[in-house]
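J.: One structure coming up, written as structure tokens, with questions to follow.
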């Protein structure tokens, strides 16, 4: 802020570019607006042309129908359980590993870390056939645990948290050792509280990622009752029921939890997503 | 001496114990599937019976016109979606990054919300909007007397539509990354350019874009890999059709594995995709390790 330059003239390009950015931003949200408003229309209004841009009659009948015709509550519970437990396990396993890679000296440390990080780039979907057969052999098809374990194996959390452990000073650890704290206590009571922001970011990012992990959950959850919300709701699109308002109500049910998470934790996303990128 | 060796031995064991849970899961659910996938790609699999067939699955693949179609489509998707994503995200981020924080977070949010609600939900909405009988877009197309209103049923329009839907849903992530990296560019660089009388467009092209190049590389690679496994939008919007016009490698793999029960062939597709992603991620990995 230099007062000398004020009032600064905005360049024409800047003005136009920002107007366009705003127009596109609103346009980009239009499909979601259409989703919500359509879900509140009745079965004939929803396909009326020319359309009602704002619902004339509000009805929640589509929502009650989704929960009555489909085990949507069960699906929601499955999704919460899968996303919650996966994330909890990811945080535990990757915090331990990241601590070791950052602070402990052991043979093969660098090689193992490089292998972990390299594996992050390969989507598990390309190995879906052998992965499914293992899941089958372990008896985990149609089980939430079949959806959980393969996602815990992904090393993204190790990579993310190692950066946070690296920035915690080694002196802290040494001080704890001199006070006679063992490795486990040093980890749990001294280092873990310091990397809390990293754990927060990992928790949110991973929860969303698992919640939206469609293909693997589609393959594992084959029985109606064992589906997750995303997979279950997606079946509504093929449902014989021609009422689009009903389908849109289902999609809204699947969208709302993620919207809430985003609104509540926006800061974590911005930080968490950027951490994975190369720093300048 | 003995004490020292005891010390390093203890450090080693502690280290291994700490990485043990992650390592075990990694071996079972990542390393083993890769090895098993390569093995299966050399076998004909019928239920519990496996017969070694060498490279027959691969030669089957390369004689299947649908597989070729899936490669071509996947390449088309990757090229267009990545170019659109990088170009548009650069445009948006360079326009807003130096504005006030509230505005930046509003723009970031608007573009990121579709990413959050996921491709499944967005595909459902787009499926409704594009529905030939009662979708809003089909209605608009009819009102404007366009030659086709069934945009998903026409093989000339279906690719651009899928490209657009995927791009519009996922561009928010690139925007978040670019804004973060542009905010990190030192302010004095812009001030110096301003003193020299550079216009904003010049500043963007000559200072900003070169300086965020590492971010561009990162965004390009993660998007290539993400589009390479494009599946949800295909399954939900087109089912690979019309007439295989939108079959992708992942969709082809999925159908072979879980519909046609061709596990060997599906594994071979997986191995090919695995090699491609591995090659693509080399520059990114090199950049990550150079930092250390």
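Numbering starts at 1 and runs along the chain as displayed.
Cβ from N, Cα, C; glycine included.
As listed in TrEMBL for this protein:
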TRANSMEM  B:12-35  transmembrane segment
TRANSMEM  B:71-97  transmembrane segment
DOMAIN    B:71-284  domain 'ABC transmembrane type-1'
TRANSMEM  B:109-129  transmembrane segment
TRANSMEM  B:158-180  transmembrane segment
TRANSMEM  B:217-240  transmembrane segment
TRANSMEM  B:260-282  transmembrane segment
J.: Applying the under-8 angstroms CB criterion, which one of B:12-35, B:71-97, B:260-282 scores highest with the transmembrane segment (B:217-240)?
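T.: Selected stretch: B:71-97, with the most Cβ pairs under 8 Å.
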J.: At a C-beta cut-off of under 8 Å, are there same-chain residues at least 6 beyond the transmembrane segment (B:109-129) that contact it? List them, or none.
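T.: Hits for the transmembrane segment (B:109-129): 92, 135-137, 165-166, 168-173, 175-176, 232-233, 236-237.
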J.: Taking a Cβ cut-off under 8 Å, which residues six or more beyond the ends of the transmembrane segment (B:158-180) line up next to it in the same chain?
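T.: Tertiary neighbours of the transmembrane segment (B:158-180) are 73, 76-77, 80-81, 84-86, 88-90, 92-94, 96-97, 104, 107-108, 111-115, 119, 122-123, 126, 130, 151-152, 212, 215, 218-219, 223, 226-227, 230, 233-234, 237-238, 241-242, 245-246.
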J.: List, by number or range, the same-chain residues at least 6 past the transmembrane segment (B:260-282) whose CB is under 8 A from its CB atoms?
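T.: Apart from its flanks, the transmembrane segment (B:260-282) reaches 34, 37-38, 40-45, 53, 57-58, 60-61, 67, 221, 224-225, 228-229, 249-250, 252-254.
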